[in-house]
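Annotated features, as they stand in Swiss-Prot:
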CARBOHYD  Asn47  N-linked glycosylation site
REPEAT    65-86  repeat 'LRR 1'
REPEAT    89-110  repeat 'LRR 2'
CARBOHYD  Asn94  N-linked glycosylation site
DOMAIN    145-197  domain 'LRRCT'
TRANSMEM  205-225  transmembrane segment
Amino acid sequence: MNLVDLWLTRSLSMCLLLQSFVLMILCFHSASMCPKGCLCSSSGGLNVTCSNANLKEIPRDLPPETVLLYLDSNQITSIPNEIFKDLHQLRVLNLSKNGIEFIDEHAFKGVAETLQTLDLSDNRIQSVHKNAFNNLKARARIANNPWHCDCTLQQVLRSMVSNHETAHNVICKTSVLDEHAGRPFLNAANDADLCNLPKKTTDYAMLVTMFGWFTMVISYVVYYVRQNQEDARRHLEYLKSLPSRQKKADEPDDISTVV
(Lines of atoms letter the chains of each structure in order from A; the text may use other names.)
(Lines give C-alpha, C1' and ligand atoms only; values in the text may rest on other atoms or scores of the structure.)
Protein backbone atom coordinates (compact mmCIF):
# COMPACT_ATOMS: atom_id res chain seq x y z
CA MET A 1 0.00 0.00 0.00
CA ASN A 2 1.53 3.29 -1.06
CA LEU A 3 1.42 6.49 0.94
CA VAL A 4 -1.48 7.96 -1.03
CA ASP A 5 -3.68 4.95 -0.36
CA LEU A 6 -2.72 4.98 3.29
CA TRP A 7 -3.52 8.68 3.58
CA LEU A 8 -6.90 8.20 1.88
CA THR A 9 -7.74 5.29 4.16
CA ARG A 10 -6.88 7.26 7.27
CA SER A 11 -8.76 10.32 5.99
CA LEU A 12 -11.86 8.24 5.33
CA SER A 13 -11.64 6.68 8.76
CA MET A 14 -11.31 10.10 10.36
CA CYS A 15 -14.31 11.40 8.40
CA LEU A 16 -16.44 8.46 9.50
CA LEU A 17 -15.32 8.90 13.08
CA LEU A 18 -16.05 12.61 12.97
CA GLN A 19 -19.49 11.98 11.45
CA SER A 20 -20.30 9.46 14.16
CA PHE A 21 -19.14 11.90 16.80
CA VAL A 22 -21.34 14.67 15.38
CA LEU A 23 -24.35 12.33 15.28
CA MET A 24 -23.71 11.34 18.88
CA ILE A 25 -23.59 14.99 19.90
CA LEU A 26 -26.83 15.71 18.05
CA CYS A 27 -28.54 12.74 19.64
CA PHE A 28 -27.30 13.73 23.09
CA HIS A 29 -28.39 17.32 22.46
CA SER A 30 -31.85 16.20 21.37
CA ALA A 31 -32.18 13.88 24.34
CA SER A 32 -31.11 16.59 26.76
CA MET A 33 -33.77 18.94 25.33
CA CYS A 34 -36.54 16.34 25.47
CA PRO A 35 -39.45 17.56 27.65
CA LYS A 36 -40.04 15.78 30.94
CA GLY A 37 -42.20 12.71 30.56
CA CYS A 38 -41.60 12.49 26.80
CA LEU A 39 -39.48 10.27 24.60
CA CYS A 40 -37.39 11.71 21.78
CA SER A 41 -35.87 9.92 18.82
CA SER A 42 -34.16 11.05 15.63
CA SER A 43 -35.67 8.58 13.16
CA GLY A 44 -36.53 10.59 10.02
CA GLY A 45 -36.30 13.85 11.95
CA LEU A 46 -36.83 14.53 15.62
CA ASN A 47 -39.87 12.67 16.95
CA VAL A 48 -41.24 13.78 20.32
CA THR A 49 -43.68 11.34 21.89
CA CYS A 50 -45.58 12.54 24.96
CA SER A 51 -48.54 10.15 24.76
CA ASN A 52 -50.18 9.04 28.04
CA ALA A 53 -47.87 11.29 30.05
CA ASN A 54 -50.61 12.80 32.27
CA LEU A 55 -49.86 16.24 30.85
CA LYS A 56 -52.32 18.99 31.78
CA GLU A 57 -50.85 21.50 29.34
CA ILE A 58 -48.67 21.57 26.23
CA PRO A 59 -44.95 21.64 27.15
CA ARG A 60 -43.26 24.95 26.41
CA ASP A 61 -39.75 23.49 26.15
CA LEU A 62 -40.30 21.52 22.95
CA PRO A 63 -37.16 21.21 20.78
CA PRO A 64 -37.30 23.64 17.80
CA GLU A 65 -36.28 20.87 15.38
CA THR A 66 -39.32 18.72 16.25
CA VAL A 67 -40.90 17.13 13.16
CA LEU A 68 -43.44 14.74 14.70
CA LEU A 69 -45.16 15.64 17.97
CA TYR A 70 -47.50 13.23 19.76
CA LEU A 71 -49.47 14.72 22.67
CA ASP A 72 -52.44 12.36 22.51
CA SER A 73 -54.18 10.68 25.47
CA ASN A 74 -53.39 13.35 28.05
CA GLN A 75 -55.44 15.86 30.08
CA ILE A 76 -54.75 18.99 28.02
CA THR A 77 -57.73 21.40 28.05
CA SER A 78 -56.56 24.30 25.88
CA ILE A 79 -54.19 25.32 23.08
CA PRO A 80 -52.70 28.75 23.90
CA ASN A 81 -51.69 31.42 21.41
CA GLU A 82 -48.40 30.81 19.53
CA ILE A 83 -47.54 27.70 21.56
CA PHE A 84 -45.95 26.09 18.46
CA LYS A 85 -44.48 29.24 16.88
CA ASP A 86 -40.83 28.05 17.13
CA LEU A 87 -41.47 24.59 15.65
CA HIS A 88 -40.82 25.55 12.02
CA GLN A 89 -40.14 21.93 10.99
CA LEU A 90 -43.28 20.46 12.54
CA ARG A 91 -45.19 18.23 10.12
CA VAL A 92 -47.38 16.01 12.31
CA LEU A 93 -49.26 17.14 15.43
CA ASN A 94 -51.45 14.70 17.36
CA LEU A 95 -53.62 16.17 20.12
CA SER A 96 -56.38 13.58 20.06
CA LYS A 97 -58.04 12.03 23.14
CA ASN A 98 -57.51 14.96 25.48
CA GLY A 99 -60.04 17.25 27.13
CA ILE A 100 -59.45 20.24 24.86
CA GLU A 101 -62.24 22.82 25.07
CA PHE A 102 -60.52 26.06 24.04
CA ILE A 103 -58.35 26.87 21.03
CA ASP A 104 -57.03 30.44 20.98
CA GLU A 105 -57.17 32.53 17.82
CA HIS A 106 -53.42 32.28 17.07
CA ALA A 107 -52.84 28.78 18.47
CA PHE A 108 -51.27 27.48 15.24
CA LYS A 109 -49.36 30.61 14.27
CA GLY A 110 -45.98 29.65 12.83
CA VAL A 111 -46.94 26.11 11.80
CA ALA A 112 -50.21 26.59 9.88
CA GLU A 113 -48.54 26.55 6.47
CA THR A 114 -46.04 23.73 7.13
CA LEU A 115 -48.16 21.33 9.16
CA GLN A 116 -49.32 18.31 7.16
CA THR A 117 -51.42 16.39 9.69
CA LEU A 118 -53.39 17.76 12.64
CA ASP A 119 -55.43 15.45 14.86
CA LEU A 120 -57.90 17.08 17.26
CA SER A 121 -60.40 14.23 17.36
CA ASP A 122 -62.00 12.91 20.56
CA ASN A 123 -61.90 16.13 22.56
CA ARG A 124 -64.51 18.52 24.01
CA ILE A 125 -64.36 21.26 21.41
CA GLN A 126 -67.72 23.00 20.87
CA SER A 127 -66.56 26.04 18.95
CA VAL A 128 -63.39 27.89 17.95
CA HIS A 129 -62.48 31.41 16.92
CA LYS A 130 -63.25 31.97 13.25
CA ASN A 131 -59.55 32.67 12.55
CA ALA A 132 -58.13 29.74 14.53
CA PHE A 133 -57.46 27.61 11.44
CA ASN A 134 -56.59 30.39 9.00
CA ASN A 135 -54.06 29.30 6.33
CA LEU A 136 -54.01 25.79 7.78
CA LYS A 137 -53.01 23.42 4.98
CA ALA A 138 -52.90 20.28 7.10
CA ARG A 139 -55.28 17.39 6.78
CA ALA A 140 -57.23 17.95 9.98
CA ARG A 141 -59.21 15.43 11.99
CA ILE A 142 -61.79 17.09 14.23
CA ALA A 143 -64.41 14.35 14.57
CA ASN A 144 -65.92 13.15 17.86
CA ASN A 145 -66.22 16.61 19.37
CA PRO A 146 -69.49 18.16 20.66
CA TRP A 147 -69.59 20.78 17.90
CA HIS A 148 -72.12 23.62 17.95
CA CYS A 149 -73.04 24.18 14.31
CA ASP A 150 -73.38 27.88 13.57
CA CYS A 151 -72.03 30.59 11.30
CA THR A 152 -68.62 30.58 13.00
CA LEU A 153 -68.08 26.86 12.41
CA GLN A 154 -69.16 27.30 8.80
CA GLN A 155 -66.59 30.08 8.33
CA VAL A 156 -63.87 28.03 10.06
CA LEU A 157 -64.35 25.01 7.83
CA ARG A 158 -64.47 27.14 4.69
CA SER A 159 -61.16 28.77 5.64
CA MET A 160 -59.39 25.42 5.70
CA VAL A 161 -57.83 24.11 2.50
CA SER A 162 -58.96 20.53 3.06
CA ASN A 163 -62.33 21.63 4.39
CA HIS A 164 -64.47 18.96 2.71
CA GLU A 165 -62.48 16.08 4.16
CA THR A 166 -62.31 17.83 7.52
CA ALA A 167 -66.04 18.58 7.64
CA HIS A 168 -67.08 15.13 6.46
CA ASN A 169 -67.12 13.56 9.95
CA VAL A 170 -68.29 16.60 11.92
CA ILE A 171 -71.58 15.93 13.72
CA CYS A 172 -73.66 18.77 15.16
CA LYS A 173 -74.12 18.13 18.87
CA THR A 174 -76.14 21.34 18.99
CA SER A 175 -77.06 23.92 16.36
CA VAL A 176 -78.59 27.35 15.85
CA LEU A 177 -81.38 25.41 14.15
CA ASP A 178 -82.77 22.77 16.50
CA GLU A 179 -83.63 20.40 13.65
CA HIS A 180 -79.92 20.10 12.77
CA ALA A 181 -78.87 18.74 16.18
CA GLY A 182 -77.44 15.25 15.80
CA ARG A 183 -76.98 15.59 12.04
CA PRO A 184 -73.75 15.76 10.01
CA PHE A 185 -72.53 19.32 9.49
CA LEU A 186 -72.44 18.97 5.70
CA ASN A 187 -76.15 18.07 5.65
CA ALA A 188 -76.97 21.05 7.85
CA ALA A 189 -74.89 23.39 5.68
CA ASN A 190 -76.58 22.09 2.53
CA ASP A 191 -80.04 22.69 4.00
CA ALA A 192 -79.38 26.27 5.10
CA ASP A 193 -76.71 28.94 5.03
CA LEU A 194 -75.88 29.19 8.73
CA CYS A 195 -74.55 32.72 8.20
CA ASN A 196 -77.77 33.96 6.60
CA LEU A 197 -80.52 33.00 9.00
CA PRO A 198 -83.41 35.25 10.13
CA LYS A 199 -82.44 36.89 13.37
CA LYS A 200 -84.52 36.13 16.41
CA THR A 201 -84.58 39.82 17.28
CA THR A 202 -87.04 40.28 14.39
CA ASP A 203 -89.47 37.90 16.11
CA TYR A 204 -89.11 39.80 19.37
CA ALA A 205 -89.78 43.08 17.58
CA MET A 206 -92.89 41.59 16.02
CA LEU A 207 -94.03 40.33 19.41
CA VAL A 208 -93.51 43.76 21.00
CA THR A 209 -95.41 45.43 18.15
CA MET A 210 -98.32 43.01 18.44
CA PHE A 211 -98.43 43.46 22.21
CA GLY A 212 -98.52 47.24 21.74
CA TRP A 213 -101.42 47.03 19.31
CA PHE A 214 -103.25 44.60 21.58
CA THR A 215 -102.82 46.96 24.54
CA MET A 216 -104.15 49.88 22.51
CA VAL A 217 -107.20 47.90 21.37
CA ILE A 218 -108.00 46.74 24.91
CA SER A 219 -107.58 50.28 26.23
CA TYR A 220 -109.93 51.63 23.56
CA VAL A 221 -112.54 48.95 24.30
CA VAL A 222 -112.40 49.68 28.03
CA TYR A 223 -112.70 53.42 27.37
CA TYR A 224 -115.60 52.87 24.96
CA VAL A 225 -117.51 50.65 27.42
CA ARG A 226 -117.03 53.07 30.29
CA GLN A 227 -118.08 56.00 28.12
CA ASN A 228 -121.24 54.18 27.06
CA GLN A 229 -122.02 53.32 30.67
CA GLU A 230 -121.64 56.97 31.63
CA ASP A 231 -123.88 58.09 28.78
CA ALA A 232 -126.47 55.47 29.71
CA ARG A 233 -126.43 56.61 33.33
CA ARG A 234 -126.95 60.23 32.35
CA HIS A 235 -129.74 59.30 29.99
CA LEU A 236 -131.44 57.23 32.69
CA GLU A 237 -131.26 60.10 35.14
CA TYR A 238 -132.77 62.35 32.51
CA LEU A 239 -135.63 59.96 31.95
CA LYS A 240 -136.28 59.69 35.68
CA SER A 241 -136.56 63.45 35.92
CA LEU A 242 -139.22 63.77 33.22
CA PRO A 243 -142.41 62.62 35.21
CA SER A 244 -141.96 65.11 38.02
CA ARG A 245 -141.68 67.97 35.58
CA GLN A 246 -144.82 66.81 33.76
CA LYS A 247 -146.74 66.65 37.02
CA LYS A 248 -145.85 70.22 37.94
CA ALA A 249 -146.99 71.38 34.53
CA ASP A 250 -150.42 69.68 35.02
CA GLU A 251 -151.22 71.11 38.51
CA PRO A 252 -152.77 74.52 37.36
CA ASP A 253 -155.28 72.71 35.14
CA ASP A 254 -156.55 70.68 38.10
CA ILE A 255 -157.05 73.80 40.18
CA SER A 256 -158.97 75.65 37.46
CA THR A 257 -161.23 72.65 37.01
CA VAL A 258 -162.14 72.63 40.67
CA VAL A 259 -162.95 76.33 40.61
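Backbone N, Cα and C define each Cβ position, glycine as well.
Residues of the same chain lying 6 or more positions beyond the ends of the repeat 'LRR 2' (89-110) and with a Cβ under 8 Å from any Cβ of it are 45-46, 51, 64-83, 116-126, 128-129, 131-133, 136, 138, 141.
Over the repeat 'LRR 2' (89-110) the predicted model carries a mean pLDDT of 97. Mapped onto three states, the DSSP output places Asn94 (N-linked glycosylation site) in strand.
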